[in-house]
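Here is what TrEMBL says about this protein:
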{"type": "TRANSMEM", "residues": "41-60", "note": "transmembrane segment"}
{"type": "TRANSMEM", "residues": "90-112", "note": "transmembrane segment"}
{"type": "TRANSMEM", "residues": "119-138", "note": "transmembrane segment"}
{"type": "TRANSMEM", "residues": "161-179", "note": "transmembrane segment"}
{"type": "TRANSMEM", "residues": "208-230", "note": "transmembrane segment"}
{"type": "TRANSMEM", "residues": "242-258", "note": "transmembrane segment"}
{"type": "TRANSMEM", "residues": "265-286", "note": "transmembrane segment"}
{"type": "TRANSMEM", "residues": "292-311", "note": "transmembrane segment"}
Amino acid sequence: MTKSKKIMIGALPFAALIVLFAVFCGIVSSKGYRLDMYIKIIFNEGIVLSIVATGAIFIYTLGSFDISLGAATLFSATLGVMTYNATENFILMIVVILLSGIVCSLLNSVLASIFHIPVFVTTVAMMSVLSAIASQIITTKGGAVGGISIPSEVVKHLDTSAFKIIVLVIWVVVCAFIFDYTKFGRREKFVGGNPICAQLSGIKYNTYAILGFLLAGIGVGIGAFMTLVYTPSVTTTTAGDIGMNIMVAIVFGGMPISGGARSKIYAAVVGGFSYIILNNILDLLIDSTSGYGITQIVSAVFFLVVVYVASANYRSQMLPR
């Protein structure tokens, strides 16, 4: 692959994001809706998805995946709300949220890496268990519709664009440094690109899988906290689609689904916002009772097309350099 072609392929996700945003603004304006209100919606949704997806990059780089991240986000946010309502301690709430995300993610890695249970089985099981526990707590404490909440004054001072951007930037910079400038990040790409060769070189997959899931768990915790900052309440549907959306988002961001050396941290942010904008465009265009189902179908087809195009571009007889 020539250098110019590599640059063009690398620029495509950014170009797609710009085009999608322009189309989104045009549709909102043509329908006479408030553009600032809709931009705020995609901004808040995009922040949460990008944060969780950035941590998940460390899992997907290994060629693995975790579809329970949405359920873990819901579970962490639920425990955070319960903690604050019981203690009225803001710092303790944050600690509980972060620890919950880490524990949920580490449990997946332990079951998959140490006990050799297939990742698909563990993440599906965890998704069901965490969703069920969180839903039981929410319906018992506050009802399925109303949910449970903390006083809005607790996080109101943090509900600003500046704070959310700062959190996202710091998290992305930290992850990018670990991913691109440390031995851990380089070996993760090596393991994801060629696990057999990595094993023969003495690199233990389990070690990097556990550390990758640990970083993903931190992302879940931060994402759960930012969810409460945006909406200081939790219902049974909170963060419900994040697990699957992450998989779509990183592909939209230009990262191969197989992971390896071509994995990029920025794919989580670019793809996260692209996917949120695309979903909102479809919601605006498809105005019917079956709109959600049609939106999901269109998103799935778009995802398959992007995966096919990406795999065609990356198909080669040589290992990436």
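From the backbone N, Cα and C atoms, a Cβ is placed for every residue, glycine too.
TrEMBL labels come from automatic prediction, so no person has curated them.
Between the transmembrane segment (161-179) and the transmembrane segment (208-230), three or more CB pairs separated by 6 or more residues in sequence fall under 8 Å, so the two stretches touch. Below 8 A, the CB atoms of the transmembrane segment (265-286) and the transmembrane segment (208-230) form no more than two pairs separated by six or more positions in the chain, fewer than 3 in all. With pairs at least 6 apart in sequence, the transmembrane segment (242-258) and the transmembrane segment (41-60) have 3 or more Cβ pairs within the 8 Å limit; the two touch. Sequence-distant neighbours of the transmembrane segment (90-112) (same chain, 6+ residues past either end, Cβ-Cβ under 8 Å): 64, 66, 68-69, 72-73, 75-77, 79-81, 83-84, 118-119, 122-123, 126, 130, 150, 154, 209-210, 212-214, 216-225, 228.
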